[in-house]
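Participant: Sharing a structure with you now.
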Amino acid sequence: MKDCVFCKIAKHEIPTKIVYEDEELVCFHDNKPSAPVHVLIIPKKHLEWQTLGETDKELLGKIFLVAPEIAKKLNVLTSGYKLVMNCGEGVGQRVQHFHIHLMAGWD
């Protein structure tokens, strides 16, 4: 999507601190963190939660399999972390590109 900030991050058009990247996903630090550790995991392909379908199942599963790898890299795997997904502006979703928040670091 042309004006999507997450698509631009995925294409390296907007600089950010990337934590993890492969051919389908990119994970980077949230620019307005709500936790001591707060990163976003996004598919490089523009997806919106309202239009997810059968063809997206493998990619969505991959996000949840990669999350522990990212947590380990950020040193929060054993202390604990949470995965959060906001679906819609009414609950705080600011960017209409499917993403998962990985948050941790509270003592």
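Keep in mind that glycine also has a Cβ here, set from the backbone N, Cα and C atoms.
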Participant: For which of the residue intervals 22-26, 57-61, 72-76, 97-101 does TrEMBL record motif 'Histidine triad motif'?
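Facilitator: Going through 22-26, 57-61, 72-76, 97-101 one by one, TrEMBL gives motif 'Histidine triad motif' for 97-101.
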Participant: Mind tallying the motif 'Histidine triad motif' (97-101) by DSSP state, helix then strand then coil?
Facilitator: 0 helix, 2 strand, 3 coil
Participant: When a 10 Å sphere is centred on the Cβ of His99 (active site, tele-AMP-histidine intermediate), how many other Cβ atoms does it contain?
Facilitator: 22
Participant: DSSP on the domain 'HIT' (5-107): how many residues come out helix, how many strand, how many coil?
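Facilitator: DSSP classes over the domain 'HIT' (5-107) add up to 32 helix, 25 strand, 46 coil.
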